């Protein structure tokens, strides 16, 4: 059976990505990171989602990006804004996807995995440099030179099926694959039970997408 | 003052690299990793070297590559051979430099550092895919697309001054910069005091290089 590493944050996109990888016939290896994010609701969600999807393995790797500072998602001295201005958001975590994909690449090589799935998306989060197709292409080229498997032509292929999809399209795709979105956490300020604030950009984009997709919003909100 | 991240393993190459970065006028930020290597002698050496070099900061980041297995350097089930066959050695750690450089990139972006120094070398360790110039070039291209600083043309430049140098040339360069090689640990099987086995490939290459450089070998050996 083909093997795929699936980066799994516990959010809507990565959970959809896991369902897509499973549907494509891969044995899935979930990879999550404890990287200094403010709350653990995401990781708890990732654990439940991985278990429900019956993954071959789920690893949570601690990596202290928070210690470097520089992002509202990991630095208590920077407030998460309820609405983002144009440009690169303050919720951007420096080099986050590069670090996560690199660790995924390490595991992929050991497992001799065929693919690494990442739910990066260039539509709703166009402000993040490491979510763009040109970045993903450059990472693949680097990865093919970085590893024993890569230089032997057997390296893992980076799969980003959601990169050009709108949130509505993502939800519709996941719905066809029976993804249980009530288990996913998208809110940057979710409480310890994974309940969403309903006010931040991430919450608003998500709620609007369920509405446009004509699907009931299964999100559990605070209050 | 310009800032540079310097990947610092505690070995001969990275210690020389630190001296080169200092000599080039950078305020240096040492970055080491606890990645499941079998012994902590390297990290103890890195701490002493960073302190002696008066770095602006020294961080040791725990990252569990050992948990993935696949290398004699982190997996107790694979023996470190005293001599390597041709090809990629079993001491190769999957995607190690990619993971280390990625974390260096994250710190560089937060610090707004100008450079990331890495003591990779394609001469003595030609079997490692992630020590070759074409890999370094690909990493730079990816990094320039990955980060806010990079896309603004302010990204850190990856500096690998030792990539095409022989061990003899490296030692001679370091000697001119007054590097104290007695503090460095190169042996894959060093004891807890950092004393070298004198028998492994790494020890033999190092001892031979001091001989050829016509410099006294300051290495402390077991027995």
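Using N, Cα and C of the backbone, Cβ positions are placed for all residues, glycine too.
TrEMBL does not curate its annotations; it predicts them automatically.
In TrEMBL this protein carries:
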type: BINDING; residues: A:8, A:9, A:10, A:11, A:12, A:13, A:14, A:15, A:16, A:17, A:18; note: ATP binding site
type: BINDING; residues: A:187, A:197, A:200, A:203; note: Zn(2+) binding site
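Here the CA atom of residue A:200 (Zn(2+) binding site) lies 21 Å from the CA atom of residue A:16 (ATP binding site). Counting only residues at least six positions away in the same chain, the Cβ atoms of A:186, A:187, A:196, A:197, A:219 sit under 8 Å from the Cβ of residue A:203 (Zn(2+) binding site). Between the C-alpha atoms of residue A:8 (ATP binding site) and residue A:200 (Zn(2+) binding site), the distance comes to 21 Å. Under 8 Å, Cβ to Cβ, and six or more positions away along its own chain, residue A:10 (ATP binding site) finds A:32, A:41, A:42, A:43, A:44, A:45, A:46, A:47, A:49, A:184, A:185. Comparing the binding-site residues A:12, A:187, A:200 on other C-beta atoms within 10 angstroms of each C-beta gives the minimum for A:200.
Residue A:10 (ATP binding site) falls outside any helix or strand according to DSSP and counts as coil.
In sequence order, A:6, A:8, A:28, A:30, A:49, A:50, A:53, A:55, A:117 make up the list of same-chain residues 6 or more apart from residue A:18 (ATP binding site) whose Cβ falls under 8 Å from its Cβ. Neighbour density for residue A:16 (ATP binding site): within 10 A of its CB lie 26 other CB atoms from the protein chains shown.
Comparing Cβ neighbour counts within 10 Å across the binding-site residues A:8, A:197, the minimum falls on A:197. Distance noted between the C-alpha atoms of residue A:14 (ATP binding site) and residue A:200 (Zn(2+) binding site) is 19 Å.
If you take the Cα of residue A:12 (ATP binding site) and the Cα of residue A:200 (Zn(2+) binding site), they are about 15 angstrom apart, rounded to a whole number. Residue A:14 (ATP binding site): 25 other CB atoms within 10 A of its CB, across all protein chains.
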